[in-house]
Amino acid sequence: MEFDTIAAISTALGEGAIAIVRVSGDDAVEKVDRIFKGKDLTEVPSHTIHYGHIVDLDTNQVIEEVMVSIMRAPRTFTRENIVEINCHGGLVSVNKVLQLILAQGVRLAEPGEFTKRAFLNGRIDLSQAEAVMDLIRAKTDRAMNVAINQMEGRLSKLIGLLRQEILETLAHVEVNIDYPEYDDVEEMTHNILIEKATHVRSEIEKILETSKQGKILREGIATAIIGRPNVGKSSLLNSLVQEKKAIVTDIAGTTRDVIEEYVNVRGVPLKLIDTAGIRETEDVVERIGVERSKEMMSQADLVLVVVNYSEALTNEDEDLFRAVQGKDFIVIVNKTDLPQAIDMERVTELAAGNRVITTSLIEEQGIDELEKAIADLFFEGTIDSADMTYVSNARHIGLLTQAGKTIGDAVEAIENGVPIDMVQIDLTRTWEILGEITGDTVHESLIDQLFSQFCLGK
């Protein structure tokens, strides 16, 4: 495939030590060489870096002191010639360098266009391309490992093996239908077809079994911290985040809005939501906060219910316990540094088998136990993201679910005595659906939509 030459700033905008302008295309080296004062870039070997200056051709003025990396096709990310200009960090100089490159007939890249070219030029498939964005957005080491595994093609390999198995089955069916007189070809009986289709369905189900953990690693666990005013919700947020994000006072009702913060808890990404204290109030602003707290509680994957060790349970406390029944929740009995007034037996009863953890956040006690409880709740204490392939992308999960249902329909049809040639439709459709994950059978409009979500310069 031949494309025009594109360029974009690949580093985050703002002040920094280094900013990089990336250029990709057949004539990328020649275009940059026009404004580069130093070695002749068209003559240097691939995968080398060179010192020089960027010059404004109209004024012959030196604009930047740079290091230029030359990478020639096909051993590059896009499989095109790539030039990366390492400038001093800062908005003015790097933008000036970009403008000088564009003035040489280079087009400004669209968001994700470099990765899109890597896909279109066959260097990576669609699932690997999507993993690039997952890596950029990873919030924990485990999420990073999952993204790297997918970038290396582990999911692609699994999908490829399944598609190959379906294709071989379809070919076998075709031969049996079109050339029944061939004695040297094994007959495709209903039993053999059921065995092959069932195996594919089983493998799809195995991949889908990792989707819950994969989705958590990719998107995080939406975790609502709820409780009456002044029981220590904001203190809990600050303890987990390990810095002061929420205002903590002895005045009930200090938190009037929802505060969100991501935190890494033993490799598990939590999207922590500190909510306004839930109570009856005449204050209009606080009442709005209370309603939002209830909404966040209903949407959360995990609820941390905070109660006060130094106070007896109230009707409002018991209402909160009833509201979270049916959800994953952990009870935090805070302020154990104060004299006990709470009925712990009643707390255990209301927890209904969920973990109850005592803490004194002011004395930094109980946080380690809480973090372990969270990790145990979602991963049973273990998750081997380095060796396992986790499916985490919602698009992939949807397609795998659809493929599993379609191949399941094929199995059911065979068991009901439907002629083998009619089952070909479901088998072919399963093969096509799985191909949408890797991009082998995907529509161009979907490709454009997916890559538009990438950042500029990637």
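Easy rule for this one: first residue shown is 1, then count along the chain.
Note: Cβ is positioned from N, Cα and C throughout, glycine not excepted.
Database features (Swiss-Prot):
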- ARG22, GLU84, ARG123, LYS458: (6S)-5-formyl-5,6,7,8-tetrahydrofolate binding site (BINDING)
- ASN230, THR249, ILE251, THR254: K(+) binding site (BINDING)
- 230-235, 249-255, 274-277: GTP binding site (BINDING)
- SER234, THR255: Mg(2+) binding site (BINDING)
- 220-379: domain 'TrmE-type G' (DOMAIN)
Site of maximum Cβ density within 10 Å, from binding-site residues ARG123, LYS233: LYS233
Binding-site residues compared (ASN230, SER234) - the one with the fewest other Cβ atoms within 10 Å: ASN230
Candidate binding-site residues ASN230, LYS233, SER234, pick with smallest Cα gap to GLU84 ((6S)-5-formyl-5,6,7,8-tetrahydrofolate binding site): SER234
GLU84 ((6S)-5-formyl-5,6,7,8-tetrahydrofolate binding site) - helix vs strand vs coil (DSSP): strand
Rounded to the nearest Å - Cα separation of ARG22 ((6S)-5-formyl-5,6,7,8-tetrahydrofolate binding site) and LYS233 (GTP binding site): 46
DSSP three-state assignment for ARG22 ((6S)-5-formyl-5,6,7,8-tetrahydrofolate binding site): strand
Cα distance (Å, whole number) from SER234 (Mg(2+) binding site) to LYS458 ((6S)-5-formyl-5,6,7,8-tetrahydrofolate binding site): 38
Whole-number Å value of the largest CA-CA distance among ARG22, GLU84, ARG123, LYS458, listed as (6S)-5-formyl-5,6,7,8-tetrahydrofolate-binding: 19
For LYS233 (GTP binding site): DSSP state (helix, strand, coil): helix
Cβ packing number for GLU84 ((6S)-5-formyl-5,6,7,8-tetrahydrofolate binding site), 10 Å threshold: 19
Averaged pLDDT, computed only over the residues in the domain 'TrmE-type G' (220-379): 79
